[in-house]
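A.B. asks: Feature table excerpt (Swiss-Prot):
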ACT_SITE  GLU302  active site, 5-glutamyl coenzyme A thioester intermediate
BINDING   GLY277, ILE278, GLY279, ASN280, ILE281, ASN392, GLY396  CoA binding site
Amino acid sequence: MTVSRLLKDRVRYAPYLKKVKPVEELIPLFKDGQYIGWSGFTGVGAPKAVPEALIKHVEENNLQGKLRFNLFVGASAGPEECKWAEHDMILRRAPHQVGKPIAKAINDGRIQFFDKHLSMFPQDLTYGYYSRNRTDGKILDYTIIEATAIKEDGSIVPGPSVGGSPEFISVSDKIIIEVNTATPSFEGLHDIDMPVNPPFRQPYPYTAVDQKNGLDSIPVDPERVVAVVESTQRDVVGPNTPSDATSQSIARHLVEFFENEVRHGRLPENLHPLQSGIGNIANAVIEGLTDSSFKNLTVWTEVLQDSFLDLFENGALDYATATSIRLTEAGFQKFFDNWDDFSKKLCLRSQVVSNNPELIRRLGVIAMNTPVEVDIYAHANSTNVSGSRMLNGLGGSADFLRNAKLSIMHAPAARPTKTDPTGISTIVPMASHVDQTEHDLDVLVTDQGLADLRGLSPRERAREIIKNCAHPDYQPILTDYLDRSEHYAKLHKCMHEPHMLKNAFKFHLNLSEKGTMKVDNWD
């Protein structure tokens with residue numbers, strides 16, 4: 001097979017050039033029921049050529065539902081996993097996904113999905129937890145990993161994400177490398193800690209966001225590399241959801257809170273390392289920090305979006321660590337155009353490091369994430385709408401919220417339904433599913449205001465949340481629920497965290513039956 005000049009330039013380990021194959025030749029390697037690992041995290045850095053070739057093979061041979069895989073990715077992959085779901089090619093999936101087709105297949109019961117703390121998922125996979133029913137002793141049959149270069153020793157330089165790739169490679173029977181020549185090489189941007197299992201594991205030595213102590217590429221046994229494929233497709237990330245009045249209001253409340261914490265000496269003037277999720281609220285918060293007086297900020301997070309580039313450019317952000325750079329096309333272009341500047345201020349690490357609870361606690365990270373709903377006592381649901389319908393998965397929110405110095409959740413106070421512009425209240429009497437407990441949250445923010453929950457008893461928290469965070473349409477309804485619950489609990493001497501269990505999920509039932517959470521009464 002003829003090897004392109006671009007591929008020769010990227011593959012500096014000569015023996016791999018003999019393993020370059022057209023993607024079509026790899027199809028016979030894949031069998032129904034295999035355990036497959038992909039590189040990628042939050043839609044970037046995932047393989048493209050091999051998954052697309054398998055989709056074409058399934059289409060042309062009517063193999064929908066007959067060629068299905070147990071698919072493991074560090075978090076969400078690119079659009080290819082949604083196409084796999086549409087073609088009934090996924091038997092089992094973990095630990096996080098994004099996209100309507102795959103979520104539909106999960107909620108239709110066609111895909112067995114489990115979510116897991118992202119800091120734990122790769123290591124648990126290496127322990128054999130997810131392949132314990134296999135009789136051949138293998139963990140993964142194949143790992144398909146995207147590289148932007150291969151070094152002289154055969155090690156792999158990832159692209160815009162690291163995720164769980166080091167762990168997948170360490171336990172994979174065979175490895176296929178997709179070298180993406182459509183994107184520039186990311187060499188020099190990574191700091192890779194290879195997995196070491198207990199009892200031989202040592203502490204991660206990082207005491208500052210900008211410290212590096214690992215490798216700049218992922219080692220691999222060349223004997224296990226069965227093929228190298230050239231990929232010529234860049235990551236496609238849709239435009240970021242722009243901030244709006246609601247998200248900007250949330251950002252203002254948060255910036256004011258940070259300023260107050262600095263005035264009272266509970267935070268330094270440059271805060272502590274920031275962690276922020278994705279979405280329009282997260283973007284608005286970063287925009288708010290861009291416009292604020294805070295300087296010399298640092299970031300220790302999972303994912304960097306376009307808005308962080310603005311923080312770099314205005315001089316407010318000194319350094320950022322993540323496991324993924326999820327940029328739009330314009331964002332990536334800006335990133336590559338300013339490579340010499342940005343690359344000095346950025347490090348991509350494995351997700352077991354970026355999400356490591358001990359490091360998050362050591363560094364004093366300020367964590368900010370968006371829930372589906374939060375109840376009056378500060379239990380948060382991040383995953384299951386009305387307790388049952390899976391959205392994306394837990395992700396890394398609990399890694400950060402359980403261990404951060406400041407654990408913050410932010411959301412609009414109300415969301416629309418088809419018949420009611422404020423038909424869904426983010427604040428509910430009892431969360432229909434709990435991912436983060438009352439013991440994990442310090443601060444709750446909506447467009448209505450901010451509730452500082454530190455040191456408050458459950459009943460104090462409830463009053464603070466209803467007063468400061470609930471939408472005005474729901475404040476009297478929630479207050480009535482709390483008053484009645486306290487009256488009932490006082491009679492039965494159970495005043496610590498009062499509830500009326502017969503009415504605890506009346507918001508959700510009313511939403512299902514009438515299209516709004518605005519209950520008429522609690523009788």
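Glycine residues also receive a Cβ, built from the backbone N, Cα and C atoms like all the rest.
Explain the structural surroundings of these features, please.
C.D. replies: Taken residue by residue with DSSP, GLU302 (active site, 5-glutamyl coenzyme A thioester intermediate) is part of neither helix nor strand, so it is coil.
According to its DSSP assignment, ASN280 (CoA binding site) is helical.
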A.B. asks: Suppose we draw a 10 Å sphere around the Cβ of GLU302 (active site, 5-glutamyl coenzyme A thioester intermediate). How many other Cβ atoms does it contain, all chains included?
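C.D. replies: The Cβ of GLU302 (active site, 5-glutamyl coenzyme A thioester intermediate) has 29 Cβ neighbours within 10 Å.
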